[in-house]
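Take a look at what TrEMBL says about it:
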- 15-193: domain 'Wntless GOLD' (DOMAIN)
- 194-463: domain 'Wntless-like transmembrane' (DOMAIN)
- 200-220: transmembrane segment (TRANSMEM)
- 232-251: transmembrane segment (TRANSMEM)
- 263-285: transmembrane segment (TRANSMEM)
- 306-326: transmembrane segment (TRANSMEM)
- 346-374: transmembrane segment (TRANSMEM)
- 395-419: transmembrane segment (TRANSMEM)
- 439-460: transmembrane segment (TRANSMEM)
């Protein structure tokens, strides 16, 4: 409840500056306020009366607002644009109108330094506007209701002050910025991560990294002490631990001191690898508890389930490279600016959401089958000696509990993926009202770590022996055999208890 929200949205209003030089040179930056501020225009009526052309007007936005400064703790900056367009009979907004923006971005770390250019680009954005009133003389001056436009995204906030200069070049012969209505103002909304949330996030990663590393070393040491080779499930759990460690390692600390704009892309890749590993693990985890002796312990037996996950992850990677990969060169680029790009991006989010929901239903079905197999074996329990029966009841309870936790974790992961995609998409579409509580992000992240930790702890081979006098009346488990919550072969002698409990023959 007291945690800071993950992001903050700050509205900015551009200032109309006059640039009356004959040659618009990129080296001169126009400041909206301060000691060296530009010559300003109140509105375009003043520009007309003073015979100032549209090409001589620059919309200037200084980030942040006066008497504040940006911080590396903000991690990223995302900007969306809103145009205030008024209706005029002689300058109406055409259908499917496109606006051409000549945009430049600069930075400085001191109020008296010169501005250094970061990027310059000429971008085209489609205008999607509606007009609620009839287009008559009486309606002149009323504003169109226009959608937000994606404007810019930067993967690091390494400097204190930023300046955006936007020109709307007009060329009647080429049809550039013709038929876009009468633009009154340009507004920007800047979204950045909260510094307080960043500190909580870094602290979590710094604390959890050694925790998972220690349990991984302990787990793998337990397995290497065995006389047999590690089996598929043990390898997959270890691989899941590696992917969790990869996502945990707090490399973000470096983003405080270095201008690493690729951190957003790197974070997406890390999360993608973890998602792919987690989804694959759940399939193998349930499958290994269901399959017959000759089918299990082979990765090739799961190619039908793991294959689509790998293909989906690769598509996700390509999609991300098309957006954030290009933004490393041009922060003003957005896949959402074109019709095809928007449709592809929307289709991806919808298809990914549907596939994840279907995956979850398939996982529920597999867990149900595992439960049914175990229930079939529970009928053998009353015939056992009391100590052996209590031992097996405890084993079954722990195993069922772990399966239910797996389902809960899967459900939360699916919800988290869909919500995070929709949230990010809403920024791009321009609906800035959506806000996910920071407890949701930290909670899901903590849940993954706890789940991986619990898996390694429960599935590490045990080196304790069970009493030799209890061998009669059990499920055929050899006396003195190691006990562990695993499904795979520990000895040449035969499988462990849960393996026997969960295999298909249990129903017979």
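Note that Cβ sites are derived from N, Cα and C of the backbone, with glycine treated the same way.
What TrEMBL says about a protein is an automatic prediction, not a curated fact.
Please situate the listed features within the shown structure.
Only residues 6 or more beyond the boundaries of the transmembrane segment (200-220), in the same chain, are considered here, and those with a CB under 8 A from a CB of the stretch are 3-4, 237-238, 241-242, 244-245, 248-250, 252-253, 438, 441-442, 445-446, 449, 452-453, 456-457, 459-460.
Counting only same-chain residues 6+ beyond the ends of the transmembrane segment (263-285), those with a CB under 8 A from a CB of the stretch are 75-76, 153, 155-156, 232-233, 236-237, 239-240, 243-244, 246-247, 251-252, 255, 299, 302, 305-306, 309-310, 312-313, 316-317, 320-321, 324-325, 328, 359, 363, 366, 406, 410, 413, 417, 448.
For the transmembrane segment (439-460), the residues of the chain that approach it from at least six positions outside its boundaries are 1, 3, 6, 200-201, 204, 208, 211-212, 215-216, 218-219, 222-223, 233-234, 237-238, 240-241, 244, 248, 274, 278, 398, 402, 405-406, 409, 412-413, 416, 419, 484-486, judged by C-beta separation under 8 angstroms.
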For the transmembrane segment (306-326), could you work out the same-chain residues 6 or more beyond its ends whose Cβ comes under 8 Å from its Cβ atoms?
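For the transmembrane segment (306-326), the nonlocal Cβ contacts are 153, 155, 264-265, 268-269, 272-273, 275-276, 279-280, 283-284, 299, 333-335, 344-345, 348, 352, 355.
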For the domain 'Wntless GOLD' (15-193), what is the mean per-residue pLDDT, to the nearest integer?
85
